[in-house]
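Enquirer: Okay, handing you the structure first.
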């Protein structure tokens, strides 16, 4: 175990003591990061690359002079380990720790602050020492809702990732409740994994992976097999699943800027059909991927003539209308409104866009706005019976809302009245009590005076 006494000697001696007590944790064993354990961790599990880790640390020079300390700030420090967000020594060292472990790292300059050092704190080319406690760690959330969590077992090579439309070769191992249900090598197109029985979460994680990467994905039901489950794998509804995925190879699809307009228009029809296929099968998230490819390709295109411009606009309008319908199904109403607004910017009288926006607003309890949309639908097509029925529903909802407001305000005013009445009663009793007390005192004084009188 290291102590402050180990650092109170000259730098060379301190380095020798720490090196003698510790182990080299650098991958190439160049003595760049020497680790000395001061307190063992609580279990055998260690962070993986990309995990969100939380630590307390103290940084010192070899002279023992402290230059930084999270405990002095009374706030631990968090970062994604192995991602280059911190010193190289930290990325290497923390990956070797267990939860609750406390250790000291002796770090060469090339693993810490380098030849430049840190002005006013760390001289150039200085070895440094960090005492570190690993408080906790957790996988990296790849989605805002935490439905896909990744832990990287083996880091991939390079800096490129598969994109939507890329062809990928992967090895999969799927498990549920500790039971292995899927183990195979498979090739597919990113965004179309559903065709090979691959859950949405695996498909969506691929654009964060690099060639050669092996990671573990923890999928919530939304990104696994949903409420239907997967009977052929004996997986019931709403089950969490875990996939270990190795990205063996991939070929990126062309990005929008790499294609000319004619190339995009040649591809749009097939992508639209694939989206429609997923929509009809109830795979709305997969359909969204396809329709969004169309909008990303064409929204900035102008076309060279009236006919081509109209063709582009028709594709864009259809894609946004389909996206709105998908988002209605998965109850993401703000996305419905956004996509309908984009259609209305191009065609202010688009009946479907107005109607679907009205549906989303009605479901968000924006009854007046919804009714205005349905009324616009009738202006476009007076025979739209569905819009007329929706207006009746809006009117009913508005009436219910007003009645509820009346009850709420009536109850509120009643409570105010009762409180005021109670206050008045309390004040009246207090006044009566005070008057009674005063009368009593007067009576006592009179009796005293009468007793003080001579007979």
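In case you wondered, yes, glycine gets a Cβ from its N, Cα and C as well.
Nobody curates TrEMBL annotations by hand; they come from automatic prediction.
Quantities reported herein were computed from a predicted structural model and do not represent experimental measurements.
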Enquirer: With TrEMBL as the source, identify the stretch among 384-419, 420-455 annotated region 'Disordered'.
Expert: 420-455
Enquirer: Tally the residues of the domain 'PPIase FKBP-type' (165-251) by DSSP class, grouping H, G and I as helix, E and B as strand, and everything else as coil.
Expert: 22 helix, 41 strand, 24 coil
Enquirer: Treating G and I as helix alongside H, and B as strand alongside E, what does DSSP give for the domain 'PPIase FKBP-type' (50-138) in helix, strand and coil?
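Expert: Its residues fall into 14 helix, 37 strand, 38 coil.
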Enquirer: Is it possible to list how many residues within the compositional bias 'Basic and acidic residues' (420-435) are helical, extended or coil according to DSSP?
Expert: 16 helix, 0 strand, 0 coil
